[in-house]
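> What TrEMBL records for 1-150 is domain 'Major facilitator superfamily (MFS) profile'. Taken from TrEMBL, the feature transmembrane segment covers 9-27, 33-57, 69-88, 100-117.
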Amino acid sequence: MKYFGRKTLIISSLFLQGILIAGYPYVQEADYIWFAITLNLLGKLSNGIIQVVHPVIVTEMLPTKMRTMIYSVVNIPQSFGILLAPYLKYTSTSYSPTQYLILSGLSFIGMGLAFILPETKGKSLPENVQEMDHGPLGKCFGRKNSAEKN
């Protein structure tokens, strides 16, 4: 996080995780067990990077007064994922790579959504909503920071 932006780390890690998860079942079926283990471990490594960067970027994006409340709301989809993840094992009855392709697809969806996040590296923490960087999506819809208005 010292050399790369938080947004860059999240997007690249989600992309790498999606590719590795999608390739894992096919390599495993081809009996390249060590290559399959390597793919699995690299996927877990990229997931670990995301788990470290996620709280940092959320904290740096949000205003101080609203940080804990919004951080709780941001983590609601994570709770749904924790609840639904055990049911993925039942998807392997018809086609074995299905569960891996679902997780890979979710990684790519997350990567797409990460493009609308603002880059927070080297910026000061916002004290209120007016100081927030609204990111590319906010700029598309005409929202401007108070510094840009002056």
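Glycine too: its Cβ is placed from the backbone N, Cα and C atoms.
Note: TrEMBL annotation is automatic and uncurated.
For each feature listed, report its degree of burial, its nearest neighbours and the pertinent distances within the displayed model.
Remote same-chain partners of the transmembrane segment (69-88), defined as residues 6 or more beyond its termini with a Cβ less than 8 Å from a stretch Cβ, comprise 55, 58-59, 62, 99, 102-103.
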> Let's see if you can do this one: DSSP helix, strand and coil counts over the domain 'Major facilitator superfamily (MFS) profile' (1-150), in that order.
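Split into helix, strand and coil, the domain 'Major facilitator superfamily (MFS) profile' (1-150) gives 112 helix, 0 strand, 38 coil.
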